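S.K.: I am attaching a structure below and will ask some questions about it afterwards.
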Amino acid sequence: MQKLTILLLVAAVLMSTQALIKGGGEKRPKEKIKFLSKRKTTAESWWEGECSGWSVYCTQHSECCSGECTGNYCELF
């Protein structure tokens, strides 16, 4: 029974190693991290002046950090 368990574990390790080699290995997680790190939080966008805060004059939704331009003023949420 122990030999069968060890054999199954070795087979699982070999199969997972082969899948990593064929799938590109560590490239995919790095690409995912780069994609996620490009996004800025609302606070970062506001701090860098890329969007307007609450109750500031606006003409488009994209100008507001909240994404809501109602009645020419940025909404809070």
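First residue shown is number 1, and so on along the chain.
Backbone N, Cα and C define each Cβ position, glycine as well.
From Swiss-Prot, for reference:
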type	residues	note
SIGNAL	1-19	signal peptide
DISULFID	Cys51-Cys65	disulfide bond
DISULFID	Cys58-Cys69	disulfide bond
DISULFID	Cys64-Cys74	disulfide bond
S.K.: Do any residues at least six apart in sequence from Cys74 (disulfide bond), in the same chain, have a Cβ closer than 8 Å to its Cβ, and if so which, in order?
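M.R.: When sequence neighbours closer than 6 are ignored, Cys74 (disulfide bond) has Ser52, Gly53, Trp54, Ser55, Val56, Cys58, Glu63, Cys64, Cys65, Ser66, Glu68 within Cβ distance under 8 Å.
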S.K.: Kindly assign Cys74 (disulfide bond) to one of the three DSSP-derived states: helix, strand or coil.
M.R.: strand
S.K.: Name the secondary structure element type, per DSSP in three states, that contains Cys64 (disulfide bond).
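M.R.: DSSP assigns Cys64 (disulfide bond) to strand.
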S.K.: Quick one: give me the count of other CB atoms within 10 A of the CB of Cys58 (disulfide bond).
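M.R.: A 10 Å sphere around the Cβ of Cys58 (disulfide bond) contains 20 other Cβ atoms.
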S.K.: Measuring Cα to Cα, how far is Cys51 (disulfide bond) from Cys69 (disulfide bond) in Å?
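M.R.: The separation of the Cα atoms works out to 11 Å.
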